[in-house]
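Only one structure is covered here, and it is reproduced in the block below.
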Ligand SMILES: NC(=O)C1=CN([C@@H]2O[C@H](COP(=O)(O)OP(=O)(O)OC[C@H]3O[C@@H](n4cnc5c(N)ncnc54)[C@H](O)[C@@H]3O)[C@@H](O)[C@H]2O)[C@@H](O)CC1
Ligand SMILES: Nc1ncnc2c1ncn2[C@@H]1O[C@H](COP(=O)(O)OP(=O)(O)O)[C@@H](O)[C@H]1O
Ligand SMILES: [K+]
């Protein structure tokens, strides 16, 4: 786990490369920021590596400038350092380069021969086209650990996508605020350990920039707090639609909802047999059978519905969801309830939260493509619902343009049924009064945290029993 994932206090705003350049411009003291950035890189290296021959690969922009400063600080500490410039430095980088009096080597694979560590200060936020030619050839030839300045060269800071080529870093040192590309894949993996360094950039620039992207975590939302006046009805009632064919999915979602604090959870079943099975498996949940759609629509106390886990993507599901939407119910839609509307996300207007995985997203909105953040934002604007695009780097986007990236989900969450539990958690938080964006963000974070607690080899059933411990953990963090 990286240093940044352990630090709950990491600021949650994310800045795109363009916003970061704006922050730099607003701060207006480029050389001082570059000095602080380069010094932070050298400090991070010295605290993790014993002295080694270092080659700094320096690009022509500010990223390269940070590299020259880091080289000077390492050399002053007695390290054996050389710089390989790709091209003459421009802007503030020229000043930083002028202070470098140590060895200069050609920017070529041959210069790597003596190095025990490479500092990749070629391109950062200014990456403007795919990495190729001499840069690609030289990066490919590196056989030592790599420390990346800002991002590994070739990683797009806005999307985490690789443009041309990027090498795996052991350590990435970035400044002021993380960028989306530090959390989105494959960027997050390629960064290795990520250190966020303070460089004296005033926080006040954020008021001017108004960031709309965030790293998901307890600082972004507040969980509902029951108090002495609380009773089970006031804690929210979630109704979970269940199908006979795949009734386990609804049961998992119901368990997630109950553990996430819903006062009442009803499983609306197709048959009395399924209802009986549900009652055996989950004695604390209510069940309902028979002509349930009409009964549910008329019951004003049932505000929040979760539909999709285990439902077939057919006309019946389509009709039920449409009726619930027309009745003004607040809906969390997943799985079959999404696929039932393939190609018609406009018909889901009025839903609160949609929780598609990549394939479900593609059926509704078209392929996700390389920019998950932008794709989720576009889908939210198009459907009017909060989109929770699932994956190792789950993105949650609201129709108003806010978006959060979740990075606490361990890979062992990739097992059948965990998404059903997630939908149930989101519905429970919605039923307890959290707004849809906050409910979706909190659900994704709680699910990741619960999975970490459950550990490798967990199955979906193991998640709900961990949720109460995650609630306690959140309380301790804020
Ligand atoms: N607040 C900030 O924004 C700060 C930024 N700093 C550094 O400034 C960097 C951004 O600096 P710049 O905007 O100068 O951008 P970069 O230094 O990342 O790159 C820009 C230069 O690289 C060239 N280039 C981009 N992609 C290329 C490619 N594929 N092949 C060949 N040439 C390519 C461009 O033509 C330009 O000359 C950050 O990554 C960070 O390291 C620090 O100095 C401290 C403060
Ligand atoms: N590699 C991964 N790392 C972390 N989390 C993952 C990974 N793959 C999937 N997940 C998470 O696991 C859950 C799977 O949900 P989903 O695809 O809907 O499956 P199901 O329908 O079986 O519940 C989602 O919350 C998703 O974000
Ligand atoms: K870099």
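Any Cβ shown, glycine's included, is placed from N, Cα and C.
The average pLDDT for the domain 'YjeF N-terminal' (15-207) in the predicted structure is 97. Residues or ranges marked as domain 'YjeF N-terminal' in TrEMBL: 15-207.
Here residue 150 ((6S)-NADPHX binding site) comes close to 63, 66, 124, 125, 157, 172, 173, 174, 175: these same-chain residues lie at least six apart in sequence, with C-beta atoms under 8 angstroms from its C-beta. According to DSSP, residue 150 ((6S)-NADPHX binding site) is assigned to coil rather than to any helix or strand. Residues annotated as (6S)-NADPHX binding site in TrEMBL: 62-66, 124-130, 150, 249, 310, 357, 420.
According to TrEMBL, the feature K(+) binding site maps to 63, 120, 153.
Taken from TrEMBL, the feature domain 'YjeF C-terminal' covers 215-474.
Summarising the annotation, TrEMBL assigns AMP binding site to 390, 391, 392, 393, 394, 419. Residue 391 (AMP binding site): 17 other CB atoms within 10 A of its CB, across all protein chains.
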Study note, to complete from the structure: Close to ligand 1, in the sense of Cβ under 6 Å, among 120, 153, 357, 392, 393 as binding-site residues, are none
Study note, to complete from the structure: If you measure between the CA atoms of residue 393 (AMP binding site) and residue 120 (K(+) binding site) and round to the nearest Å, you get 25
Point to revise | Set of same-chain residues at least 6 away whose C-beta sits under 8 angstroms from residue 120 (K(+) binding site) | key: 57, 139, 146, 147, 148, 149, 152, 153, 167, 169
Review point. Rounded to an integer, what is the Cα-Cα distance in Å between residue 391 (AMP binding site) and residue 128 ((6S)-NADPHX binding site)?
Key: 28
Check your understanding: For ligand 3, which among the binding-site residues 62, 63, 65, 120, 153, 391 have a CB under 6 Å from it?
Key -> 63, 120, 153
Check your understanding: How far is it from residue 419 (AMP binding site) to residue 128 ((6S)-NADPHX binding site), counting Cα to Cα, in Å?
Key -> 37
Review point. Should we count any of the binding-site residues 63, 120, 153, 357 as near ligand 2, judged by a CB under 6 A from one of its atoms, and which?
Key: 357
Practice item. Note the Cβ centroid of 63, 120, 153, the recorded K(+) site, then list each other residue of that chain whose Cβ lies within 8 Å of it, in sequence. Key: 57, 59, 64, 67, 121, 122, 123, 124, 148, 149, 150, 151, 152
